[in-house]
């Protein structure tokens with residue numbers, strides 16, 4: 001008999017000295033008529049211990065803290081061995097919560113347990129956005145989170161409806177995923193399973209062999225994220241009119257058409273020599289460098305005492321830089337920099353082909369373009385989650401929760417644990433080609449480029465640049481979509497900028513406009529780590545380094561669970 005599945009949620013008090021659950025709700029994911037809303041954590045946990053089901057909380061990192069507090073105070077201890085009256089967790093080294101597995105015992109060989117998962121790992125969006133984008137039958141409401149609610153507080157009809165809507169939104173969205181066969185713990189795992197189903201597990205193992213941890217470590221040195229860079233010419237200055245273009249599905253586009261690695265790599269010493277059977281390579285290189293005049297910097301060095309990890313460098317500053325780079329990145333380096341005292345140490349070369357992901361991307365692109373609501377959003381998720389799974393870190397050493405002397409949860413690092421890597425070379429080259437796409441387009445617009453962020457270029461002026469004018473389309477895979485045109489803007493640093501965007505009304509909806517047809521201006525604030533509440537305080541006048549507000553909720557572990565306390569957010 002299959003296990004039942006439930007969507008669950010807590011509502012909690014907001015005072016450090018009185019941290020507790022004042023309301024809970026659960027709903028059967030497959031039968032929405034089976035649900036309950038109550039006001040006692042003890043009552044909820046009594047149900048958890050007997051239900052033997054799979055439960056989903058949206059942001060387990062928050063709600064899970066209350067559950068583990070309760071378990072620790074009621075005789076349960078953490079154990080990885082599946083002993084009766086223990087619980088196990090999957091909490092990453094970085095503090096990401098994935099699972100709580102509560103073991104009650106065994107009936108014969110059958111484990112009697114309830115497992116609690118994080119639906120945020122399968123649906124990485126706020127509940128409000130899920131309800132809207134999936135076009136579900138209910139929408140997220142609102143309540144006064146700071147209202148006084150003493151122990152035994154009676155839930156009002158409005159609060160009851162709010163809680164029911166929250167659990168129903170996640171229940172409906174998860175059910176749609178499960179009906180599509182997307183039943184793994186995370187969106188990335190769903191993607192990888194779906195890809196294996198298309199090419200077969202047998203072929204997957206042949207095409208993407210498991211590399212040794214030592215070899216994977218060397219490959220991983222060349223793995224980097226998206227290209228995010230602000231042109232110093234425009235930093236902290238108010239800018240006039242400009243345009244923003246985004247690549248449609250940047251990473252899937254590289255997976256669809258670019259030359260990508262497969263198979264066992266061959267280690268080589270010194271400098272790579274062209275090999276038509278192994279046309280891709282990762283090169284270990286030492287050098288000094290100086291940025292050429294009129295070129296965008298592309299070298300970023302992390303984990304070094306000489307350089308800032310998030311800064312793209314104009315010079316090696318007289319130091320010898322030690323780099324592992326894909327041949328795609330190396331090509332850009334040589335074009336953008338003068339390299340000195342170059343020493344080619346060693347490297348890895350790979351067989352390569354195109355089209356490995358064609359059937360997978362064709363399938364989900366077709367679903368995306370022919371569907372609406374939930375299925376369309378799922379297709380977007382499936383298209384964008386797979387590439388990262390290939391570069392999953394094999395070091396899965398996690399954190400273990402415990403109760404500190406003050407009664408709050410603490411976390412210690414668990415025993416070292418590793419798993420087989422998937423195939424990191426694929427992640428290296430997909431992301432390298434993505435950076436290449438963005439950087440080459442930005443470089444071709446050097447006189448106009450303000451800012452790049454992974455899949456986007458922000459330009460001065462309102463003319464489509466020649467480099468992309470023939471590949472502008474709102475939907476085509478890998479084409480550049482015209483995201484917006486702004487009247488004025490101000491950029492302070494990476495992921496920190498504001499814009500006045502031209503908008504117009506079409507069929508009762510506001511859409512992006514132009515200087516010629518706009519009917520209104522939309523003020524847009526993009527700032528990593530800034531809450532919506534703080535964004536309402538931002539103006540062109542006060543948006544500068546040093547802007548500060550004590551309005552950012554910060555989760556703090558306290559006896560009983562977690563409380564969000566107001567912390568200071570400052571633009572540095």
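The backbone N, Cα and C atoms fix where each Cβ goes, glycine too.
Look at residue 166 (Mg(2+) 1 binding site): DSSP puts it in a helix. The Mg(2+) 1 binding site feature in Swiss-Prot is assigned to 142, 166; the stated evidence is similarity to another entry.
What Swiss-Prot lists as Mg(2+) 2 binding site is 246, 247, 453, 455, and the listing cites similarity to another entry. DSSP assigns residue 246 (Mg(2+) 2 binding site) to a strand segment in the three-state reduction. Long-range Cβ neighbours of residue 246 (Mg(2+) 2 binding site) (same chain, at least 6 residues apart, Cβ-Cβ under 8 Å): 455, 456, 480, 481, 483.
Around the Cβ of residue 368 (5-methyl-UTP binding site), a 10 Å sphere holds 21 further Cβ atoms from the protein chains shown. According to DSSP, residue 368 (5-methyl-UTP binding site) is assigned to a helical segment. According to Swiss-Prot, the feature 5-methyl-UTP binding site maps to 251, 368, 380, 455, an assignment based on similarity to another entry.
Swiss-Prot lists 1-222 with the feature region '3'-5' exonuclease and strand displacement activities', giving similarity to another entry as the kind of evidence.
As a whole-number mean, the pLDDT of the region 'DNA-binding' (223-226) in this prediction is 94. Summarising the annotation, Swiss-Prot assigns region 'DNA-binding' to 223-226.
Positions annotated as region 'Initiation, polymerization and pyrophosphorolytic activities' by Swiss-Prot, on the basis of similarity to another entry: 227-572.
Residue 9 (site 'Essential for 3'-5' exonucleolysis') falls within a strand when secondary structure is assigned with DSSP. Within its own chain, residue 9 (site 'Essential for 3'-5' exonucleolysis') has 24, 25, 26, 57, 58, 63, 163, 166, 167, 170 as residues 6 or more apart in sequence whose C-beta sits under 8 angstroms from its own. The site 'Essential for 3'-5' exonucleolysis' feature in Swiss-Prot is assigned to 9 (among others); the stated evidence is similarity to another entry.
Following the DSSP three-state reduction, the secondary structure of residue 119 (site 'Critical for 3'-5' exonucleolysis') is helix. Residue 119 (site 'Critical for 3'-5' exonucleolysis') counts 24 other C-beta atoms within 10 Å of its own C-beta, drawing on all protein chains shown. Look at Swiss-Prot and you will find 119 tagged as site 'Critical for 3'-5' exonucleolysis'.
Here the Cβ of residue 120 (site 'Essential for 3'-5' exonucleolysis') has 24 other Cβ atoms within 10 Å, regardless of which shown protein chain they belong to. Positions annotated as site 'Essential for 3'-5' exonucleolysis' by Swiss-Prot: 120 (among others).
Per Swiss-Prot, the feature site 'Probably involved in binding template-primer structures' maps to 249 (among others); the stated evidence is similarity to another entry. Its Cβ placed at the centre, residue 249 (site 'Probably involved in binding template-primer structures') has 24 other Cβ atoms within 10 Å.
Proximity of residue 251 (5-methyl-UTP binding site) to non-local residues of its own chain (separation of 6 or more, Cβ distance below 8 Å) is seen for 384, 387, 430, 431, 434, given in sequence order. When secondary structure is read from DSSP and collapsed to three states, residue 251 (5-methyl-UTP binding site) falls in the helix class. Summarising the annotation, Swiss-Prot assigns site 'Probably involved in nucleotide binding selection' to 251 (among others).
According to Swiss-Prot, the feature site 'Probably involved in binding template-primer structures' maps to 384 (among others), an assignment based on similarity to another entry. The number of other Cβ atoms within 10 Å of the Cβ belonging to residue 384 (site 'Probably involved in binding template-primer structures'), over all protein chains shown, comes to 18.
Mapped onto three states, the DSSP output places residue 387 (site 'Probably involved in nucleotide binding selection') in helix. Per Swiss-Prot, the feature site 'Probably involved in nucleotide binding selection' maps to 387 (among others).
Around the Cβ of residue 388 (site 'Probably involved in binding template-primer structures'), the number of neighbouring Cβ atoms within 10 Å comes to 18. For 388 (among others), the entry in Swiss-Prot reads site 'Probably involved in binding template-primer structures', with the evidence type similarity to another entry.
When Cβ atoms from all protein chains are considered, those within 10 Å of residue 431 (site 'Probably involved in binding template-primer structures') total 27, not counting its own. In the three-state DSSP scheme, residue 431 (site 'Probably involved in binding template-primer structures') falls into the helix class. The site 'Probably involved in binding template-primer structures' annotation in Swiss-Prot covers 431 (among others) and is backed by similarity to another entry.
Annotated site 'Probably involved in binding template-primer structures' per Swiss-Prot: 435 (among others), in sequence order. A 10 Å cutoff on Cβ-Cβ distances gives residue 435 (site 'Probably involved in binding template-primer structures') a total of 24 other Cβ atoms nearby, all chains included.
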Whole-number Å value for how far residue 495 (site 'Probably involved in binding template-primer structures') lies from residue 380 (5-methyl-UTP binding site) (Cα to Cα): 23
Residue 247 (Mg(2+) 2 binding site) CB neighbourhood, other CB atoms within 10 A: 24
Distance [Cα-Cα, Å, rounded] between residue 247 (Mg(2+) 2 binding site) and residue 142 (Mg(2+) 1 binding site): 35
Additional residues surrounding Mg(2+) 2, by Cβ distance to the 246, 247, 453, 455 centre under 8 Å: 245, 250, 438, 454, 456, 457
DSSP helix/strand/coil residue counts for the region 'DNA-binding' (223-226): 0 helix, 0 strand, 4 coil
